[in-house]
Amino acid sequence: MDWGTLHTFLGGVNKHSTSIGKIWLTVLFIFRVMILVVAAQEVWGDEQADFTCNTLQPGCKNVCYDHFFPVSHIRLWALQLIFVSTPALLVAMHVAYHRHEKKRKFIKGEIKNEFKDIEEIKSQKVRIEGSLWWTYTSSIFFRIIFEAAFMYVFYFLYNGYHLPWVLKCGIDPCPNLVDCFISRPTEKTVFTIFMISASVICMLLNVAELCYLLLKVCFRSRRAQTQRNHPNHTLRESKQNEMNELISEGGQGAVTGFPR
């Protein structure tokens with residue numbers, strides 16, 4: 001799996017994310033993708049070869065292994081990362097479509113006064129509002145759903161997040177109840193708990209970002225209502241708030257090492 005390609009795509013999404021979204025992307029790559037690529041694959045590389053049972057009955061070992069580990073931890077984690085990352089790509093597609101429409105209008109001369117050239121359109125930061133707000137919040141909602149769903153799948157498939165030292169297996173063609181052993185169960189338990197904890201942190205960041213976006217749109221709606229009721233009184237305050245928001249968005253690139 002080419003994780004570098006995924007990093008490139010999500011790095012583009014990072015330009016249009018909130019500060020919380022940038023933190024989420026950092027946690028995703030440093031504490032999940034990097035751990036999965038560098039460490040976890042080494043720990044689980046010998047899972048089936050070193051799975052042993054105290055019987056010589058042909059087929060018993062394979063059947064017991066398939067029963068206790070229907071899906072490899074590594075493959076399930078990789079699948080989880082793909083599902084969690086996919087909604088973020090919808091934001092990148094939405095922004096690309098938005099810029100394509102602006103380029104088309106610029107070439108036709110419909111918005112000649114707004115931009116100097118096409119390069120300015122490419123470098124313009126797209127604000128999270130309107131249809132992009134719905135796309136962005138929907139992507140966060142689906143990320144939360146996928147995180148929770150995979151955590152439940154892990155718990156359901158492996159009867160919890162702890163790997164026991166001894167597994168009792170009595171499935172045919174095993175002659176009787178046999179003892180089976182997995183390699184490095186304590187180390188694998190530590191990695192499993194670490195990956196689940198990283199999933200919980202990512203899910204909490206997604207919830208926090210979703211709440212932030214909802215509160216932000218509520219404040220904007222309230223401010224717009226106030227401006228309609230008192231246009232002269234709130235004009236200066238509105239300009240100051242917009243300036244503060246632009247300054248805040250300009251400083252979000254310092255939150256992580258990803259490009260804006």
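Residue positions begin at 1 at the first shown residue.
Backbone N, Cα and C atoms are what each Cβ position is placed from, and that goes for glycine too.
What TrEMBL records for 42-75 is domain 'Connexin N-terminal'. Annotation comment: TrEMBL describes 146-213 as domain 'Connexin cysteine-rich'. Among the features that TrEMBL reports, transmembrane segment is placed at 23-41, 77-97, 132-158, 191-215.
Listed as Cβ neighbours of the transmembrane segment (191-215) (distance under 8 Å, sequence separation of 6 or more from its ends, same chain) are residues 18, 20-21, 23-24, 27-28, 31-32, 35-36, 39-40, 43, 73, 77, 80, 84, 128, 133, 136-137, 140-141, 143-144, 147-148, 150-151, 154, 161-163.
Summarising model confidence by region, the domain 'Connexin N-terminal' (42-75) averages a pLDDT of 84.
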